[in-house]
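Structure first, commentary second.
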Amino acid sequence: MQQDKINLLGLNQKAIEDFFISIGEKKFHARQVFKWIHKKGVIDFDSMTDLGKNLRNKLKENAEIVIPKVVFNKASKDGTHKWLIDVGGSAVETVFIPEEGRGTLCVSSQVGCTLNCSFCSTGKQGFNRNLSSAEVISQLWIAARTLSKNNGEHDFSVTNIVMMGMGEPLMNFENVVPAMDIMMDDLAYGLSRRKVTLSTSGVVPRIYDLLEQSGVSLAVSLHAPTDSLRNEIVPINKKYNIDELLEACKLYAEKGPHKHITFEYTLMEEVNDNLSDAEQLIELLRSREVPAKINLIPFNPYPGTPYRKPSNNRIHRFKEFLQHNGFVTTVRKTRGDDIDAACGQLAGDVMDKTKRKERYLKKLGDKNAI
């Protein structure tokens, strides 16, 4: 019985070296192939010209390099790109945001999301599955190739990665960490730990694991200054409360690549955007002695949501209050909203990307058939 071929795309350098040893080849060939895939964008073994013919044939027998299909690539009038990527019958989205001197790629980690935050459109799709490490890194591979063609130079690029797309990355730890290893490998994309940011809603045990095994920059989706409010809008808070979360954040700031944690705070009118909320947020972060930067995200409305985006005056007032109290505070610019690529909008053109309804109807049909 023929064994399934291994997809080399998602293997970090250590794993691809182990694979080459397992087929009786030397480690340095693994590094050659690794570089061909990620540095040069070559996925055909026969095009890897510094490999011998016998090795190329052996690789074709035992391995493959599979890139998911791009369903579409949309470009916004502000230069933002959004890719819809087919991952075995479901779909995920990846967004590239160009700014002066940098280009940020927002990468998805799951098909849908398990956490069901009340204000997030992605969570309304339900959850299908975790992405493989190959599916995670393929988003960067696809973006790098597309952007180099658009700009006529291979090195235009993605300078920063944010694991802030669809899904909770720390709920897919085993696949996200190897993919981030590839992002930071000098034989691949060569990004520093400071340039790769993982955003979590607060899977506290995995924050400690992340510090030990990866140490990329950390952002935390806080969104509320009290447990009572956070329990309502970020349900994982019922399992890992704010005290536990900030204790992990404090250690991460001490040991991680940045000496601060970025706290993301989605502003929703009359929910968490009052000055009393800002006062509580300041007291919370000061009392826990967590070095913090605060990134305010004006809510992006989507069909059926009960929440509203605050007025510009309310956003400005909240930001000014935090700044006057000594906190570095930014307001995230809304980018790509004309192609549903703005933060919280990654449910996009095909609302049921996780096939939730389809799976439910099939299950119902199977039960009726019994």
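Placed from the backbone N, Cα and C atoms, the Cβ positions cover glycine too.
So that you can see what the record holds, here are the features copied from Swiss-Prot:
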type	residues	note
ACT_SITE	GLU93	active site, proton acceptor
ACT_SITE	CYS343	active site, S-methylcysteine intermediate
BINDING	CYS113, CYS117, CYS120	[4Fe-4S] cluster binding site
BINDING	GLY167, GLU168, SER199, SER221, LEU222, HIS223, ASN300	S-adenosyl-L-methionine binding site
DISULFID	CYS106-CYS343	disulfide bond
DOMAIN	99-337	domain 'Radical SAM core'
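This view paints the features noted in Swiss-Prot onto the structure.
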residue	record	Cβ contacts under 8 Å, 6 or more apart
CYS106	disulfide bond	THR94, VAL95, PHE96, ILE97, VAL162, MET164, GLY165
CYS113	[4Fe-4S] cluster binding site	CYS120, THR122, GLY123, GLN125, PHE127, MET166, GLY167, GLU168
CYS117	[4Fe-4S] cluster binding site	GLY123, SER201, SER221, HIS223, ILE233, VAL234, PRO235
SER199	S-adenosyl-L-methionine binding site	VAL162, MET163, MET164, PRO169, ALA219, VAL220, SER221, GLU264
LEU222	S-adenosyl-L-methionine binding site	ARG230, ILE242, LEU245, PHE263, GLU264, TYR265, LEU281
**Item:** Most distant Cα pair in Å, residues GLY167, GLU168, SER199, SER221, LEU222, HIS223, ASN300 binding S-adenosyl-L-methionine
**Value:** 19
**Item:** Assigned element (helix, strand, coil) containing ASN300 (S-adenosyl-L-methionine binding site), judged by DSSP
**Value:** coil
**Asked** Taking the centroid of the Cβ atoms of CYS113, CYS117, CYS120 ([4Fe-4S] cluster site), which other same-chain residues have Cβ within 8 Å of it?
**Response** LEU115, ASN116, PHE119, SER121, THR122, GLY123, LYS124, GLU168, SER201
**Pairwise Cα distance for GLU93 (active site, proton acceptor)/ASN300 (S-adenosyl-L-methionine binding site) [Å, integer]** = 17
**Message:** Among all protein chains shown, how many Cβ atoms are found within 10 Å of the Cβ of SER221 (S-adenosyl-L-methionine binding site), not counting that one?
**Reply:** 24
**Asked** By a simple count, how many Cβ atoms lie within 10 Å of the Cβ of ASN300 (S-adenosyl-L-methionine binding site), its own Cβ left out?
**Response** 20
**Request:** Provide the number of Cβ atoms within 10 Å of the Cβ of CYS120 ([4Fe-4S] cluster binding site), excluding the reference atom itself.
**Result:** 27
